[in-house]
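My questions all concern the structure below.
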């Protein structure tokens, strides 16, 4: 297996891992938030990052990857920015309608394209632009319902979009600039992300839920209203006791879902950095919309969530956009490789056509499999002498 095939296989594996882990954690977190009434999403995310860091530290101790320190200021700024973007996305959801929040998520792709075009001079072909437009239209049809605007919510959404785009672009550029792997970058930035969310998490969760995360009863049985319970077709009822229109959950099951969510988050965080590093921030956002479509489908099949023809039509259009985007990226990748090969061949021909330059600039000449020392000609004066 050559290097190109290994890279392609690694990219497919990263994309698959990202989809499976993201859909799994959505289902798990829905059980925690909707069913078990643990509504502290930002605090839960800080726990996810802490567990991710501890897992990577164990992997480092087992020598599964190499620690590669680099610019500490860049890592700190990147980690804090990531934490702030997560907090702003949660605030955007809290201060806007669900429809407007979905529009906020859709705006991330155009914003990323704009930023990469302006600051990195990256060009997106017309085929890719059309495929992205089809994708966004499909996801919009499937997910956007009501659009209720307010000044504070709009400002928070704008900040969330900008910080998310910049953080994801930095994820890609830092890995390439400092030549670090996704694991090395995640290991060094995780503590800053976790600390940021540890600090702002309780405040944001209290602002959005009017509840205190420190006052939540973690050990006694958790009280859940019957109307919130929609997992009866998916999870066993053995851990629930129904009484007076309430469900009393066994605390062991509550702790189980907390631990499960944190463990899945390790895969989610790792695959996020891996996908962005191997592909691009735009491709990662396209993958994110695929996850949204899968979550809608799983919600209907497994959890009997409401589903309409509008959802089906939107998902089908989004899938068409994703296929077109993948095809366009594949064609452009092949064209880029062909142009790189032709450029290398032209350079080789130019060097062969001027043997003197080849002798002067190369450290040695390969002759019959033996490396010989190049003549010590440093200037034209040596030749004249």
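For all residues, glycine too, the Cβ spot is worked out from N, Cα and C.
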With TrEMBL as the source, identify the stretch among 282-303, 348-369 annotated transmembrane segment.
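Checked against TrEMBL: transmembrane segment maps to 282-303.
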Match it up for me: which of 309-327, 328-346 does TrEMBL list as transmembrane segment?
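The listed stretch tagged transmembrane segment in TrEMBL is 309-327.
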Apart from its near flanks, which chain residues at least 6 from the ends of the transmembrane segment (282-303) lie with a Cβ under 8 angstroms of it?
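Cβ under 8 Å, 6 or more out: 15, 18-19, 22-23, 26-27, 30, 105, 108-109, 112-113, 116, 124, 132, 135-136, 139, 142-143, 168, 230-231, 233-234, 272, 275-276, 311, 315, 318-319, 322, 325, 329.
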